[in-house]
Amino acid sequence: MGRYTARRLLQLMPVFIGTTFLIFALVFAIPGDPIRALAGDRPISPSTVATLRDEYNLDDPLVIQYAKYMVGLVQGDFGKDYNGREVTDIMAQRFPVTIRLAVVAFLFEIAIGLVAGVVAALRRRSYLDTLVLVTTTAIVSVPTFVLGFSLQLLLGVKLSWFPIAGISQGWYSYLLPGFVLGALSLAYVARLTRTSLVENLRSDYVRTATAKGLSRRRVVGRHALRNSLIPVVTYLGIDLGALMGGAIVTEGIFNLPGIGQQVFLSVRAQEGPVVVGIVTALVLVFIFANLAVDLLYGVLDPRIRYE
Amino acid sequence: MPATEVLTATEATPHRADPLLEVEDLAVEFRTRDGVVRAVDGVSYHVDAGETLAILGESGSGKSVGAQAVMGLIDSPPGYVTRGSIRYRGRELLELDEGGMQRIRGRHVAMVFQDALSSLNPVFTVGDQIAEMYRVHEGASRAEARRRAVEMMDRVHIPAAERRYGDYPHQFSGGMRQRIMIAMALSLGPDVLIADEPTTALDVTVQAQIMDLLAELQRDTTMALVLITHDLGVVADVADRIAVMYAGRVVEQGAVSALYERPAHPYTLGLIESIPRMDDERDELVPIPGAPPSLMRIPPGCSFHPRCPMAQDVCAEDDPPLYAVQPGRESACHFWEEVLTSHG
């Protein structure tokens with residue numbers, strides 16, 4: 001397992017370099033001059049422009065810029081934005097919001113998605129099963145921004161049950177946006193759990209467990225569920241990475257000062273260093289979430305061996 | 001309706017004083033979208049302590065479904081036990097609720113399945129799966145359950161049982177896995193073991209080892225063994241009595257030796273004639289022509305008549321009851337006397 005982990009970490013290198021280079025090139029390709037954008041309508045002296053262009057290596061070819069950026073990155077230096085703020089400071093301020101949002105969304109996925117899936121599987125073809133089927137289909141069909149605005153309008157504006165925007169009420173502020181963010185995955189988790197459990201309930205070893213004289217609760221809870229959760233846990237693990245980076249729309253709707261909102265603002269302001277820095281951090285989160293899932297897989301399913 | 005006659009025929013058999021497990025006129029059907037499948041249609045048999053009953057039949061003859069009905073393992077829907085009686089020590093199992101069946105399963109009546117790899121839970125160690133029996137049924141401590149599980153693994157001759165306790169099913173060979181299944185089934189010393197094609201998935205040499213093991217384990221106890229198989233060779237060596245099934249019915253039953261020497265049903269005769277033998281002077285085997293009927297469309301009259309070389313007009317019309325051929329011997333053939341005298 002140690003060797004496997006080491007090899008996987010080595011394999012991550014090209015993935016990391018490839019993705020970051022791609023992001024770097026894309027940001028580089030955004031039309032317009034960032035220094036001009038920084039100044040807005042005010043006049044700016046050519047010497048200032050030259051100093052700034054030099055400081056941010058803007059006159060170097062793309063590959064050299066990228067190389068210089070990576071050298072800094074390896075030393076933990078994510079660079080500065082065009083106002084001179086450290087990108088790491090911006091991330092330190094923004095990431096906690098996104099992490100809280102992701103955690104709430106993740107808990108919704110587990111609490112509601114898993115339970116709905118298990119109930120649907122155990123009561124197959126019942127009223128409850130149909131309810132889960134219809135609800136999840138509806139959730140999957142509706143885009144996040146429609147769901148977000150609708151719930152914001154209904155539960156926030158009309159009923160005043162939840163704050164409409166911002167994070168002034170602590171964790172409570174995250175409930176509604178967390179649900180919106182987690183809704184799609186919640187539906188998938190429910191479907192995945194149901195399918196997987198239904199399949200396992202028909203399996204030979206579940207029949208064996210019943211033939212052993214075990215209670216239904218033990219047969220389902222210990223024997224069937226343990227096997228059924230393998231694909232679900234895999235999905236959840238990968239999704240945790242996705243939740244961190246995929247919150248641009250949700251953070252926008254609920255005006256949460258998180259990473260997604262920052263990326264959106266930075267792209268508009270052509271703040272290349274911030275965009276690249278944040279997305280690079282997200283790439284790292286993704287890569288490690290994937291590695292963690294692959295390792296967890298072996299723990300959950302003893303048939304999987306790491307060579 | 002021949003049901004009453006079936007009953008009468010069964011009444012005539014000996015061992016009636018104290019049958020350990022008795023199945024009477026059992027019928028199981030599956031209601032599928034395409035129609036009703038009558039997997040078991042009026043099956044009766046019994047088994048006594050220390051005895052081995054082989055239930056012989058081709059795939060689809062209803063032999064496994066019947067056994068699963070005894071254990072209450074028929075998934076419902078789509079499966080339903082529509083009539084009959086299953087009595088263990090005189091107690092009607094079909095009337096028990098789920099909790100009552102849980103107390104019977106494993107402790108009194110245990111079961112071993114065909115494919116040990118898929119029948120063992122892949123994510124738990126084999127030791128855990130055996131120990132679970134002691135933990136759940138007897139509330140044994142972890143250490144106690146482990147000790148007894150290792151003991152069981154020893155009894156079924158798994159080498160280095162102590163060391164292999166923590167291994168997973170996929171780390172064992174097919175024969176060893178089946179030994180694990182047997183150890184698990186026998187862990188609580190059940191009175192009846194139902195073995196559903198326990199050797200079908202195994203190599204021939206390993207098959208013999210598993211059959212020897214079952215015989216050995218049975219010798220030490222008064223356990224009854226219900227052996228479900230399609231393999232006549234397996235039956236001859238270990239069984240005391242045989243019930244031959246065809247299209248959801250028992251067509252002939254009796255003591256092994258009598259049945260082998262002089263079958264009283266054309267189907268049994270056909271089965272015996274289709275066994276290859278070393279000392280055989282025939283150039284070719286004699287197969288039974290045709291294929292078993294779909295259980296959704298069982299032919300009227302005797303279900304075997306379309307394939308039967310001795311069939312007459314009456315066979316297509318009248319469903320033969322189980323005739324008492326000799327004490328303890330029954331055949332569901334209108335012409336059992338002719339079959340009996342046609343050979344030997």
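Note that Cβ sites are derived from N, Cα and C of the backbone, with glycine treated the same way.
Predicted automatically and left uncurated, TrEMBL annotations should be read as such.
What TrEMBL lists as domain 'ABC transmembrane type-1' is A:95-297.
Within the same chain, residues 62, 65-66, 69-70, 73, 267, 270, 272, 275-276, 279-280, 283-284, 287, 291 sit at least 6 positions outside the transmembrane segment (A:12-30) and bring their C-beta atoms closer than 8 Å to a C-beta of that stretch. Summarising the annotation, TrEMBL assigns transmembrane segment to A:12-30 (among others).
Annotated transmembrane segment per TrEMBL: A:101-122 (among others), in sequence order.
Taken from TrEMBL, the feature transmembrane segment covers A:131-151 (among others).
Within the same chain, residues 100-110, 112-114, 116-117, 120, 132, 135-137, 139-140, 144, 147-148, 151-152, 155-156, 162-163, 232, 235-236, 239, 242-243, 246-247, 250-251, 253-254, 256 sit at least 6 positions outside the transmembrane segment (A:171-190) and bring their C-beta atoms closer than 8 Å to a C-beta of that stretch. The transmembrane segment annotation in TrEMBL covers A:171-190 (among others).
Outside the transmembrane segment (A:232-254) by six or more residues, the chain places 97-99, 101-102, 105-106, 109-110, 114, 117, 144-145, 148-149, 152, 164-166, 176-177, 180-182, 185, 188-189, 192-193, 196, 260-261, 263-264, 279, 282, 285-286, 288-290, 292-293, 296-297, 300 with a CB less than 8 A from a CB of the stretch. Residues or ranges marked as transmembrane segment by TrEMBL: A:232-254 (among others).
Annotation source TrEMBL lists transmembrane segment at A:274-300 (among others). Within its own chain, the transmembrane segment (A:274-300) has Cβ neighbours under 8 Å at 1, 4-5, 8-9, 12, 15-16, 19-20, 23-24, 27, 69, 73, 78-79, 81, 87-88, 90-91, 94-95, 229-230, 233-234, 237-238, 240-242, 244-245, 259, 262-263, 266-267, 306, counting only residues six or more beyond its boundaries.
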